[in-house]
């Protein structure tokens, strides 16, 4: 199947019709970088969200959940970085609600049409005077052009080194539909602190329940494939808003262009997920693990995530060491029993290192050269079934340890 | 309950009656350190073993399993380091069998009374000429004194920095019984390469089936509590041998001194497990996580292991950063649903940092001083039930990354 969408290189969350965004520094970060941002939709947007499975869910998630429960519609998402508003008890909930009311009032919209997200340090109360002062200035910072998208992207970063955006254009009912996204991650190799936030905007007309289904399906094969062991922070959240201003006939699973839209959405999520993996704390390279020939997709996912989550595999990738023994050891402890231990093939890029579970003599120089690149592809073929999956991660480096040895202080 | 055993500071695997040991350099390691060792028992010893759950089990494990299946008795364990003899196919199995036959012949004992263990790099064939030359010299290197134990301990190390031994003395039927052990680990924070080997000797009289049960029970609360996510290498193995030369009435669960023996065995295993954790690659400190108040011991174990396995918690420990947010995030993603998210207490040593799931103001200076020590105790009280568990790990450091970036090359 050819691509049904066209990539928009400079696109961002304000590219779809109806969206504005903005960001500013209100004082939650110690530096002068932006730490408060908003995405605003001129019309009520059909909305959907996916939340962390961590039992200790941060206050903003509860509030966002309540908003969406009312009518599945959002006009705005308010985000702060620098403070996760997690493990902050009743006061934290009150603060998240105050953020929601504050931006609703400033923008003149109902508060139940506002989502709230936070990222940063856990367990500290928000400096609400700063947040409120920032909220008051946000409406005048809204912009429908690149600046708005850019300011918003800056505002959601914590230890991220680069902004993460994606945008595609496709045709639905002969109308141009744009899907865009922004994300922050960086937390770590497997994001398990108050880490990952993602925001998707589109001008497609799509009912909220279907948007919710599609968002979940896309998440399963993108954002959820950069996490390991179900590692999820207290704040992980992905929110999607569809303005409907493209003017297409509302999408349904029977719609002729449904597959194209779903594919575009998955692509946007995948770009953001890979960007998060590549920009993992201290990372020098992206690792992409593809597992094929498993008994089921589920088995393939478990194995791909175990490999990508192995500190040994990650360290070896950092050192450009073709240590396939660590890969096969990860396969063997992934909790998947339906494999044949005698039929495993492993490739690093195009270099075959294991065939039928036996080492293959390979060119060490070529392997070293390949592994020194900025992307390492690990291919595992179990030669056992038709299940497949792809997972993304990054290498484990000195800088990772340095950053996380003193994140809080 | 007071201790029912006495610690023997200089004891080793040759301390129990009937055991000799030895080790030498045969050429499997690149350095001139010992890489081949044996424990020998003058009489047939009741034996038991626990093996890795990794699907890709190394050849020596298969061979050892076959030996024990014959009559549950061992006279010798032959161990090499430098090469794990894992993922080596049919040739690897032949080599493991040749090691067994070789040492059996050299010592004049039946080959089914020999266990074989290997540790080191995965996927390379053993240099069997060197192994055979070493085996031929081993009998004359056997010693019942400290030198034998010491040589053996040296021979099983890979990247370990220190030897790991433990020994206790207790009374059974008025007879002195000695339990001793040696181990190697070091692999990593959670040992998931061809890493952990453990050997326990005792002169107690105990039937092999009961020794097997006790070994499993001890392993569950010691060696298995330094691993994470079921992480297990292709070579992990723990072997126990009981010579019976103490002359006690054979132990049974009804025996008056059964609890004392079980307690001593558990202690020996715990000392070795903690030593492996403390000597984890690149480690600067031991982390001990105690979880109490869980709904069940199983829940407590899952949470303790998730905390101890978190790269973020480990990095924070390295940096002496009192980042309890990472601890609570680990609690919340441990896969345990039977907890109350509002009643969690966390202490670092004696310093309370979280009470009833809310941050507590604490003395940062005191916390820093405590976390800079060589042992960090993390206490989590869920205040929810009576389940409890203890797990051990180490910090994540620059040296860990350095060692594992180029382990193979």
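Residue numbers in this text run from 1 along the chain shown.
Each residue, glycine too, has its Cβ placed from N, Cα and C.
Note that TrEMBL annotation is computational and uncurated.
Predicted, not measured: the structure shown is a model, and the values here were computed from it.
The feature active site, nucleophile is assigned by TrEMBL to B:195.
DSSP classifies residue B:404 (substrate binding site) as helix under the three-state reduction. Every protein chain considered, the tally of other Cβ atoms within 10 Å of the Cβ of residue B:404 (substrate binding site) stands at 27. Residues annotated as substrate binding site in TrEMBL: B:158, B:184, B:195, B:281, B:404, B:409.
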(Q) Sub-8 Å Cβ contact with chain A: please pick out which of the binding-site residues B:158, B:184, B:281, B:404 have it. (A) B:404
Q: Using a 10 angstroms cut-off on Cβ to Cβ distances, just flag whichever of B:158, B:184, B:281 is the loneliest among these binding-site residues.
A: B:158
